[in-house]
C-alpha cells in the first residue's frame with residue numbers, strides 16, 4: 001500500500017497574477033501537494049478538495065472596482081489557515097471589514113519592511129535589524145492599491161513608510177496577509193515565510209517527493225490499466241520520455257512506444273532515442289521512418305502556421321496507422337503536464353482562466369476506442385525533470401534547452417527541404433557543442449541555429465562561393481515570456497562562425513541575432 005501523498009494539500013485561488021504558478025511550484029518544492037484553481041470556485045468544490053490551508057494569489061485588478069474578484073466567503077469560514085498575497089491580502093482585508101484605497105504612491109520593486117509585532121508567519125525570520133533591534137525583511141512589492149485599515153480582529157505585523165500594513169495577521173484564526181510577493185527570489189526570506197505557513201501553521205508533512213510521486217504514479221497506473229496494453233507517442237522530449245519510463249516501470253512490456261522520425265529532429269537524435277530507450281532501458285519501441293512523408297507534405301509551403309498544422313496532421317496520420325497495426329491496445333498515454341491542464345471547473349463569472357486543452361497526439365481513428373492515461377498531469381515541468389532523474393534518465397537529456405514541437409520545420413524559414421534541414425542540423429550541432437565546451441550552455445536559457453533561405457557570397461581559398469546563411473540565437477530568460485539576447489563573447493562567436501563555415505559545406509555566412517523579446521519572439525517562426 002503506497003503512502004497517500006495527497007493527504008496534506010494546499011488550495012491556491014488564482015486572481016490572475018503572473019506569479020501564481022510560481023506560488024504553486026514553491027509550495028511543491030516544500031514537499032506539499034497543491035492545486036491551482038480560479039478564484040470563483042464554489043463552497044462545495046472547496047469542501048470536496050478539503051485543503052489543509054488556502055493561499056489567495058496576487059492579481060492585476062483593483063479591489064476598489066465594483067466587479068473585481070472576491071474570495072468565496074467560505075474561504076474564511078472553513079476553519080483552515082488562509083494566506084493572502086498582494087491582491088489576496090487586499091480582498092481578505094476588504095471582505096473581513098477592513099478598507100482598501102488606490103494609492104498615490106505605487107510600489108513596484110525592492111522594499112524593506114520593518115516587523116513591528118510578533119507573528120507565527122515571520123517569527124525568527126530577518127534579513128537585517130534596525131538600530132533598536134527590530135527585524136527588517138527585504139521584499140518585492142508590486143501593487144498600486146493598499147490596505148488603509150485592517151479588520152478589527154487583525155494586528156499589524158510589518159510596515160514600510162508608504163505601506164502601513166505590509167503584513168497583517170489574525171493569529172487566532174490563522175489568517176495572514178502580505179503586501180508583497182514571497183514567491184519571487186527578490187523576497188529573500190520568501191521561501192521561509194511560505195514554509196512557515198505551509199509546514200508549521202497548516203501542519204502539512206513533506207510527502208510530495210520524487211520517490212513518493214513515482215511510487216504513487218506506478219500504483220495508480222497499475223490500478224487504472226491492469227493487464228491492458230498501452231500505446232505512447234515517444235518524441236524524445238522530456239514529457240514523453242518521463243511518461244515512457246513511468247509506464248515501463250508500472251506495466252513493462254504491455255507498453256508500446258511509437259517513435260515517429262519526421263526528419264525534423266536534431267543531429268543523431270533519432271539514433272540516440274532508439275539507443276537509450278530501446279537498447280539501454282529495454283522499452284518496446286516501434287520506429288517509423290517518415291522523413292519523406294513529412295517533407296513531401298511540406299513541399300511548397302512557406303507560411304509558419306500552415307507548416308505547424310501540416311506537421312501536426314501528418315504526425316497524427318502516421319501515429320494512427322501504427323496504432324491500428326497493434327492488437328488489443330486499450331489505452332493511449334500522453335505526456336500532458338499540469339500547466340497544460342490548469343483550469344477552473346465551469347466558471348460562473350467568466351473571469352477564470354480560459355481552459356487550455358493540450359494533446360500530444362491528436363484525434364484517434366473513430367474505430368479505436370481507447371481510454372486516456374496521463375501520468376504527469378499533476379506535475380510542473382521542474383517536477384517532471386526531477387522524476388526523470390530518479391527514474392535514471394540522463395541529466396543532459398532532461399535539462400536540454402527547449403525544442404519546438406514542429407522541430408526544424410520552424411527553424412528552416414520558408415519552405416522546408418531536406419538539404420536545408422541537413423545543413424541546419426550540422427550547424428546547430430557545432431553551436432551547441434561549442435557552448436558546452438565553453439561552459440556556456442547552462443548559462444543561457446535557450447540556444448539554437450536558424451536556416452535563412454537566402455544566399456550570400458563568400459570567399460574560400462582562391463574561389464568565390466554563393467551559399468546559404470544561418471543565424472545563431474541565444475537568449476537569457478526566467479519565464480520565456482520576456483527574454484534578453486545573450487551577450488556571448490566575441491571570440492566565442494567567431495570560433496563558432498569559423499567552424500560552421502569551414503565544416504558545413506553549403507553555408508557561407510553566419511550572423512548573430514541580437515533581438516530581445518519583446519519585440520521579437522524567441523523562435524523566428
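Sequential numbering from 1, following the chain as shown.
Any Cβ shown, glycine's included, is placed from N, Cα and C.
Marked as active site, nucleophile by Swiss-Prot on the basis of sequence analysis: 86. Summarising the annotation, Swiss-Prot assigns active site to 181, 183. For 235, 236, 237, 238, 239, 240, 241, the entry in Swiss-Prot reads ATP binding site, with the evidence type sequence analysis. Sequence annotations record features per position, and here Swiss-Prot assigns domain 'Glutamine amidotransferase type-1' to 9-207 based on sequence analysis. Look at Swiss-Prot and you will find 208-400 tagged as domain 'GMPS ATP-PPase'.
On the structure: features taken from Swiss-Prot.
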| residue | record | DSSP (3 states) |
| --- | --- | --- |
| 86 | active site, nucleophile | coil |
| 181 | active site | coil |
| 235 | ATP binding site | coil |
| 240 | ATP binding site | helix |
Report summary line: Should one count Cβ atoms within 10 Å of each candidate's Cβ, the recorded positions 86, 238 would be headed by 86
Query raised in the report: Fewest neighbouring Cβ atoms within 10 Å: which of the recorded positions 183, 239?
Result: 239
Report summary line: As a whole number of Å, the Cα atom of residue 183 (active site) is distant from the Cα atom of residue 237 (ATP binding site) by 28
Query - residue 181 (active site): nearby binding-site residues from 235, 236, 237, 239, 240, 241, Cα cut-off 10 Å - result: none
Query raised in the report: Can you list the residues of the same chain, besides 235, 236, 237, 238, 239, 240, 241, whose Cβ falls within 8 Å of the ATP site's Cβ centroid?
Result: 234, 242, 243, 244, 335
Query raised in the report: So which one is it: of the recorded positions 181, 235, 237, 240, 241, which has the fewest other Cβ atoms within 10 Å?
Result: 237
Query raised in the report: Looking at Cβ-Cβ distances, which residues of the chain lie under 8 angstroms from residue 236 (ATP binding site) while being 6 or more apart from it?
Result: 259, 265, 269, 270, 272, 273
Query - Model confidence over the domain 'Glutamine amidotransferase type-1' (9-207) (mean pLDDT, whole number) - result: 94
